[in-house]
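Have a look at the structure below, then the notes.
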Amino acid sequence: MKLECIAPAKINLALHVIGRRTDGYHLLESLVAFAAFGDRLSVEKAEADTFLLAGPFRDGLEGSGNFVLNARDLLREKFASRASSPVAITLEKNLPVASGIGGGSSDAATGLKLLTRYWEIETEPAELAQIGLGLGADVPMCLFGQPLIASGIGEKLEPVSTLPSLPILLVNPGLPLATPAVFSSLVERENAPLPPAPRNKSAAELVNWLRLTRNDLEPAALSIMPVIGIVLRLLQTEGALIARMSGSGATCFGIFETASKARQAGEMISRRHPGWFVRATQTRASMPELSHV
């Protein structure tokens, strides 16, 4: 039996930094959506554990530090003999690393879902989310995999079930950006919270709501990597209704009126910057399905 599933890109449509705890963790409020595009993960029966990397961003992800292998090992630590049988894991890495769109966290979350299904381990969503939190603050929201408001340090999740699908263009200038460096460069750590969550809104109404919000990490990221400003200006020039950085960067997204306009903008930017990661996709209203092959 082979199981596979997409590990979707996580898009912070809005991200407000509203405080800082005494332990140093920042308090956030973020409207999060997930894209129809992402990495792809599969697991299948094997005589011995194997881990195969494929895709354009596979380099440098070998070894014990990989989020997927950490997810496998954490499940074995918790469930012992129930998770002992060997497994062949393949990760097709389609998302840039350290790019603000949750690639590693989404990989870990998808690994947890696939492996618990493969080993026939029954867990409650809350239990799996707690396991995921041990792998990273963003893993629980990636396990949820649907539009949501994240708060606290990212562990408090409130579903936003009526968020419309949005045509978006993802653009990364081909440079990794470390999250700790961005948070360390923050000047203001106590900002206004998000407006009331958008519900039952059309795509146009959602865009208007987003114009009332921001990504508070964007100025700090720009101070470290000024090319992010070029990305944002290009998205605006090519017709994005709104252009913003996702997460701690450096990936930016543009929301477009139609999928066709997003693709056309992507083609134009790719021609001007062939070394950049450019992908037209859309946000999705539900989590990706696990499939048997």
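Backbone N, Cα and C atoms are what each Cβ position is placed from, and that goes for glycine too.
Annotation source Swiss-Prot lists active site at K10, D138. Sequence annotations record features per position, and here Swiss-Prot assigns ATP binding site to P96, V97, A98, S99, G100, I101, G102, G103, G104, S105, S106.
A map of Swiss-Prot features onto the structure.
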residue: K10; record: active site; Cβ contacts under 8 Å, 6 or more apart: V32, F34, A35, I101, G102, S105, S106, D138, M141, C142, S246, G247
residue: P96; record: ATP binding site; Cβ contacts under 8 Å, 6 or more apart: F57, G103, N172, G174, P176, T251, F277
residue: A98; record: ATP binding site; Cβ contacts under 8 Å, 6 or more apart: P176, L177, A178, T179
residue: G100; record: ATP binding site; Cβ contacts under 8 Å, 6 or more apart: N12, L177, T179, M245, S246, G247, S248, G249, A250, T251
residue: G104; record: ATP binding site; Cβ contacts under 8 Å, 6 or more apart: F67, V97, G136
If you take the centroid of the Cβ atoms of P96, V97, A98, S99, G100, I101, G102, G103, G104, S105, S106, the listed ATP site, which other residues of that chain have their Cβ within 8 Å of it?
A9, K10, L95, G247, T251
Once the chains shown are all counted, how many other Cβ atoms turn up within 10 Å of the Cβ of D138 (active site)?
26
Neighbour tally for G102 (ATP binding site), based on other Cβ positions within 10 Å of its Cβ:
29
Assigned conformation of G100 (ATP binding site) - DSSP reduced to three states:
coil
Where does S106 (ATP binding site) sit by DSSP, helix, strand or coil?
helix
For S106 (ATP binding site), the number of other Cβ atoms found within 10 Å of its own Cβ:
29
